[in-house]
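Sending over a structure as structure tokens; questions will come in a sec.
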Amino acid sequence: MNQSLKRLLFHHYKKIITGLIILIAGIYSIQTMTGIISWQKDYKYFSSEKAHLNFEKQLKDSYEFEDQEKGKIFLFYDLKKEHAIYTDDFDTFKDYSLTIFNSNEDANQQKFNAYPYYNEHFIQFLIIFIIVGILLFLIDLKSNFNTLLFTSKYKRSSIYWYKYYYIGGTLSLTLFVSKALSILAYRFFIPHDYLNISLKQQAFSSFSGWLTLVSLFILSSFLGLIIGDWLFGIAATLVMFFTFNRFLLNIDFISQTFSNTQVEETSTVSSTVLNNVLPLQQVSIQPINYLPLFILVFSALLVLFIGQRLFERISLEDRGSFIIIPKLKRVIQLLIIFYGMITFSAGTFLMTTFPNEQLILSEQIINYTKIFFTFIIIYYISEFILFDKKPIFLKKINL
């Protein structure tokens, strides 16, 4: 019976499987080849007389800039020593320019978590894994294919795990092999003196990035499993996509508020809070954040097995609801309210409750009123999309 189910699902997903393999392997192949070829081109340039002449010209030009040491070229800002590093030595400039994994003291590396000649395109892979995860169950739960499976002789638990076997297995295995081949290519074609990273560091940080993406895929698939309405489901996904940066900003703001005596609302997410709450995104010489990585993987494994139980109890009659599992609606409502209040009101609350300068009473009243009405709006939106309940004033005007 399971063999016939495997053949049926493979036939259903074979085009998707092929597309995912080509997409993931293609991105990694292009990134790896581009990075290595670019490095080899620059290495050839720095070995030429032209590079020496351009370096001497930059040294002469440095006298024209007031914010630069005369007769030297800027390399990077040292975070430990808290001052800029300059050099007038060509070999030092060459070694820094050709080193792929720069030092942790380099402010550019800390700020962007990126390196010359190396970029794993984490954001692109994050989008791919989340979209595929959400659609894994969302599409089939709303199609005749899933109706066919549910009314067949196959066990729902087998259907559930074989979906992950084909789609999740394709994603995770292709990503793992691509990462491994990329590591081997860099270590084979780039001299070790210019890598500045051990094989152990490279393998462990790459594996942590793999675990991060696979875990987010599983968490996203759970979201697709419980969503029962196409319109609200896609709308909710888009809202999270466009507001998640603001959510992180406010998490950062909360962290700074309770760790510093003075704090200002920021427009960018600091690396400190993300390094504390998120695992590594890509291969890096930064230390791995094992606790958040463990929490992420544990959460993914937990919802993986919870998802099986829910999948066995899904009723196709609830497909029109925003949440297809009625018992989860109140839990989802609490999560919506929590996310919404952190995203839209945390900054106002902290600036009002813990101000750098004392606010006058009218400003406090206005700010707390904004927070209250934000809560009311989020609450009624959640009531409407989850329970189809309209506020009383909307009912009175027949809206």
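Glycine is no exception: its Cβ is also placed from the backbone N, Cα and C atoms.
What TrEMBL records for 20-39, 122-143, 164-190, 202-223, 230-249, 290-311, 331-353, 365-387 is transmembrane segment.
Tell me what's around each of these sites.
Proximity of distant same-chain residues to the transmembrane segment (20-39), defined by a Cβ-Cβ separation under 8 Å and at least 6 residues beyond the stretch ends, is recorded for 98, 100, 116-121, 124-125, 128, 132, 167, 170-171, 174-175, 177-179, 181-182, 185-186, 189-190, 194.
Panel annotation: around the transmembrane segment (122-143), residues 20, 23-24, 27, 149, 163-164, 167-168, 171, 175, 209, 213-214, 216-221, 223-225, 227-228, 230, 233, 237, 281-282, 311, 314, 319, 324 of the same chain, lying at least six beyond its termini, place a Cβ under 8 Å from a Cβ of the stretch.
Residues 6, 9-10, 13, 16-17, 20-21, 24-25, 27-29, 31-32, 35-36, 39-40, 100, 118, 125, 129, 132, 136, 199, 202-203, 206-207, 209-210, 213-214, 217-218, 221, 283, 304 of the same chain lie 6+ residues outside the transmembrane segment (164-190) yet bring a C-beta within less than 8 angstroms of a C-beta in it.
Taking Cβ pairs closer than 8 Å, the transmembrane segment (202-223) reaches residues 120, 122, 125-126, 129-134, 136-137, 164, 168, 171-172, 175-176, 179-180, 183, 186-187, 195, 237, 279-286, 288, 293, 296-297, 299-301, 303-304, 306-307 in its own chain, all 6 or more past its ends.
Sequence-distant contacts of the transmembrane segment (290-311) (same chain, at least 6 residues past either end, Cβ-Cβ under 8 Å): 137, 156-157, 159-161, 164, 208, 211-212, 214-216, 218-219, 221-222, 225-226, 276-279, 325, 328.
Under 8 Å from some Cβ of the transmembrane segment (365-387) lie the Cβ atoms of residues 232, 322-323, 329, 332-333, 336-337, 340-341, 344-345, 348-349, 351-352, 359, all in the same chain and six or more residues away from its ends.
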